[in-house]
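Participant: Below you will find the structure I want to go over with you.
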Amino acid sequence: MGLDPLALINFSSRFQIIMFNVTQNGADYSNRTVCGKNNDTISGWCPEVFDDALCWPQTPPGTRANQSCPKFESFITNNLAYKDCLANGSWYVNQENVTWSDYRDCIDFESLEFYNFINFLYVIGYAVSLAALIVSLGIFLFFRTLKCTRIRIHVQLFLSFILNNIMWITWYQEVVAQVATPLRNPYWCQFLHVAKEYYMVANYMWMFCEALHLHLALVVVFVREERTMKWFYGVGWGFPFIIVLVHSLIRIFYNKDTDLCWLHERAFGGWFISIPIAVTLALSMIFLINILRVILTIMHPNSPNPAPVSIRRAVRAALILTPLFGLQFILIPVRPDNDHPMYYVYVYTSVIIIPYQGLCCAVLFCFANHDVHQAIKRSFQRNLTRQSTRWSNYQTGDSAAGVFMVNGSGQNGNTVPLLSIRRKSTQSSVKV
């Protein structure tokens, strides 16, 4: 899961796009609004054009234009970028029929290799969390004793985690790591981005539902759980749909930045995602702090009405997870510059915190859950008892054993022996 900082997730894709072929219909940067509007192009010269990174001026035919590299992440700004104007007065087009700008000298390939490695670590983290979440979800669904409202909320939280992690892994493998996909900007890629956002927001909403349920169960008390579960479904799955729908419509119709698989967002659009998540995290912490106050002051273990052990354990898990979920909102504003000594510490800290949230959730809510331990223990004991009962059907004693045909009957309706074996000290007889 996770609300990955854009600066961390899209480095390699952005570098590869600019390195190989920058298209004419790319990101709508501020330069684009004025670049290319000059109608006084000299006859036979290549026209002024914006290539998603720089505004290239009119250039005489048969010459190579050059400019300082743009101020992109980990670009070497002291180097030069090039663009060839052909003898016929048109810009050079590569074999894929795409207008070409040469930014190869701009790229810090050492940084590119580093960020490709970081993207790989994200995929590993999401995959490990995904495996743990699938096992946890299977445990919750398999055992019938784990069917209370709290576990049902766990199931929905884990389901949102699983779908979110699948979306992120697919995003890294099919979009970020592929040069051609963002350039083509297919509809499936744009839909994948929207789906990724939806499940990410749903993830945070179900975490909020966890805290809200604990608050209702311990502080409010007199609430019908069947009714609250319907509200939880609305908050967990319905509210994210509204948030992502509004955000997507703003990007499509107002900001008009739907190119490159929606990789780069400008202006204020991202606040429509960040603010609701930040608010729910703040409310979750308020609920949990209030629950902790009640447990410590009113429903402590020595009080006449102590809080149930399962509730106390759930509160402890939620108190750990909620700050963990919100930690990245602290990390994003304090992100150091690339040349800062703490920059790599920041990057690796993000890699540990963000993709492994699902694993932490699976450990705290499932693998370390006392109710789960008891359900597995009872299931094991039942299976052991069942095996013992099966063997006890064979009558043993006084050196005798018998096997009977159940569906046969004698004249009086008694069971007819199919095979009877009786062993004596030195002799045995078999009757059929």
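Quick reminder: no glycine exception, Cβ is built from N, Cα and C everywhere.
Straight out of TrEMBL:
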DOMAIN    46-110  domain 'G-protein coupled receptors family 2 profile 1'
DOMAIN    118-369  domain 'G-protein coupled receptors family 2 profile 2'
TRANSMEM  120-143  transmembrane segment
TRANSMEM  155-173  transmembrane segment
TRANSMEM  204-224  transmembrane segment
TRANSMEM  231-250  transmembrane segment
TRANSMEM  270-296  transmembrane segment
TRANSMEM  317-334  transmembrane segment
TRANSMEM  346-368  transmembrane segment
Participant: Taking DSSP states H, G and I as helix and E and B as strand, how many residues of the domain 'G-protein coupled receptors family 2 profile 1' (46-110) are helix, strand and coil?
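Facilitator: Per DSSP, the residues of the domain 'G-protein coupled receptors family 2 profile 1' (46-110) fall into 5 helix, 24 strand, 36 coil.
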Participant: Mind checking which residues of the chain, 6+ beyond the ends of the transmembrane segment (155-173), have their Cβ under 8 Å from one of its Cβ atoms?
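Facilitator: Residues packing against the transmembrane segment (155-173) from afar: 1-2, 4, 9, 119, 122-123, 126-127, 129-130, 133-134, 136-137, 140-141, 192-193, 195-196, 199-200, 202-203, 205-207, 209-210, 232-233, 236-237, 355, 357-358, 361-362, 365-366.
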Participant: Where else in the chain does the transmembrane segment (120-143) make close Cβ contacts, counting only residues six or more beyond its ends and a cut-off under 8 Å?
Facilitator: 1, 4, 9, 151, 154-155, 158-159, 161-162, 165-166, 168-169, 172-173, 351-352, 354-359, 361-363, 365-367, 372, 375-376, 379
